[in-house]
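The structure under discussion appears below in the form of structure tokens.
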Amino acid sequence: MEGYHKPDQQKLQALKDTANRLRISSIQATTAAGSGHPTSCCSAAEIMAVLFFHTMRYKALDPRNPHNDRFVLSKGHAAPILYAVWAEAGFLPEAELLNLRKISSDLDGHPVPKQAFTDVATGSLGQGLGAACGMAYTGKYFDKASYRVYCMLGDGEVSEGSVWEAMAFAGIYKLDNLVAIFDINRLGQSDPAPLQHQVDVYQKRCEAFGWHAIIVDGHSVEELCKAFGQAKHQPTAIIAKTFKGRGITGIEDKEAWHGKPLPKNMAEQIIQEIYSQVQSKKKILATPPQEDAPSVDIANIRMPTPPNYKVGDKIATRKAYGLALAKLGHASDRIIALDGDTKNSTFSELFKKEHPDRFIECYIAEQNMVSIAVGCATRDRTVPFCSTFAAFFTRAFDQIRMAAISESNINLCGSHCGVSIGEDGPSQMALEDLAMFRSVPMSTVFYPSDGVATEKAVELAANTKGICFIRTSRPENAIIYSNNEDFQVGQAKVVLKSKDDQVTVIGAGVTLHEALAAAEMLKKEKIGVRVLDPFTIKPLDKKLILDCARATKGRILTVEDHYYEGGIGEAVSAVVVGEPGVTVTRLAVSQVPRSGKPAELLKMFGIDKDAIVQAVKGLVTKG
């Protein structure tokens, strides 16, 4: 076989010994913790031994080195064996393994990036392969480097549709630097996996997605060495037939042992049995990588020129997003764009036109698109911007949630928000997205109201840690800011004010423009309103909101193209709660909408200029 050199018997025995030490460590750690998944670890022991101590190239004492091969443990519940590997490699003290799952230890129940050897958090199953695809795409097309990417999946998680989205992606883009290892141990959490040990069916499925699929005995280190040596020329799936709980007498291949540690007495006996098979304590040193990944700096990426808009001209913020992203792409070759086959609606096609080699078409697979972005962003190799209709990000909420747990720096732009998209109807209208993104830990939620603000939001997002969401709209609205207006995260703007203002009206996007129109109407009736643009919904500018409220007799009116739950009104209410004399009145979409013209829908749901006028009058009349 091309490029394959069979290890000698001494090396094969050393790999067997390593696998058994990994088993012992996994059993010891989970028994000490009183929880965990030792049987899921034991099925993967030979796979992990061969991967880390024969196949992969990495610096054991520098796990995040950019030249290293990457590994993603998609079956994150097998974390103890991952920790055991890094102790075997010399990065972790072996005694630390016994602190598994303790609050004082970094060794959580599932992998998290506070561990230097973990790039992405896993444990919500079906997501690791998508992240691995992002890493492999980056390695092949952006870094053009030698490092390879390995991902181990359990057979239970292969029921997840997101796995097959990732399989399709890897096949389409011919990610020949990617290897997925399927640990086919037959048993799921509560029942056998649907295909049990039908490894030929797994092989056909993988081949249908454009993968080279190799069936192996997952407990044969020799077969595994050979299979990894054959992983060339296209994405490769190693379909490893294994047994859950391998090496644990009385438990191997038995149901009802998922997620259960061995009782102490049983563990001691089993450890003695396994240890009796270990012929040498000598450890195998990791093989260092080829150092050919380029140096990358993604800090302080700034627009090459200021915005170029004219006050009063009209542009949709979704188009302004595309223009801004294309411009930012000239500032750094590490700005990349991903889209879910909506690029002619989100206007990310403008980026593709100017930077075709940095645009990733993810097709209609939003869950995988987010995972790809997370993978691309690992080790600070790229700054990804994903775009689709904001409504369609809701199906990727688990991926977004896990991205936050992964401490990932990704930017998501959701277009076509609210009822203002008009005739397409409720399936296309994002009305829950603010609630969703506000709930994500350490997220930043941008809601720009004109082209200038949108361009600034894109630039700020590129330099803001965590999950950034930019909410853009379909209707064209007037430019209201000058090109030199300064924008910052958490800094709102007073767009209109006078000394006699009686109500503070807070709107964003389409509703900010409705508020300005309402202000003109109210002015004719000698009722002054202060109009505030929050710019970021998270974090909100609490100080400015309260200053405006106090200047307008404590009256705040929020108006938003979003459902009441979780939107601007609730966000504003949260920051003013407990403030004496401040009240918040909310206008929002109250029920599932329908098709219609944008103006008709804004009126129907009481968030247009007329509704604002009536609400302001009601507040003023109340006194």
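Counting starts with 1 at the first residue shown.
Every residue, even glycine, has its Cβ placed from backbone N, Cα and C.
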Of ASP155, ASP176, ASP200, which one shares the Mg(2+) site with ASN185, LEU187 in Swiss-Prot? ASP155
Site co-member for thiamine diphosphate according to Swiss-Prot, given SER40, GLY123, SER124, LEU125, GLY156, ASN185, LYS244, HIS258, PHE392, GLN428, out of HIS5, HIS77, HIS355: HIS77
According to Swiss-Prot, of the residues SER35, SER345, SER595, the one annotated as phosphoserine is SER345
Per-residue Cβ crowding (10 Å cut-off), top of recorded positions LYS144, LYS241, HIS258: LYS241
Please find, for SER40, HIS77, GLY123, SER124, LEU125, GLY156, ASN185, LYS244, HIS258, PHE392, GLN428 as listed binding thiamine diphosphate, the greatest distance between any two Cα atoms, in Å. 44
Judged by the number of other CB atoms within 10 angstroms, which among LYS352, LYS603 is the least packed of the recorded positions? LYS603
Please give me the CB contact count at 10 A for SER345 (phosphoserine), counting all chains in the structure. 20
Taking Cα atoms as reference points, which of the recorded positions HIS37, LYS144, LYS241, THR287 is nearest to HIS258 (thiamine diphosphate binding site)? HIS37
Between the recorded positions SER40, LEU125, LYS241, SER295, LYS352, which lies closest to LYS6 (N6-acetyllysine), Cα to Cα? LYS241
In Å, rounded, how far does the Cα of LYS260 (N6-acetyllysine) sit from the Cα of HIS37 (site 'Important for catalytic activity')? 6
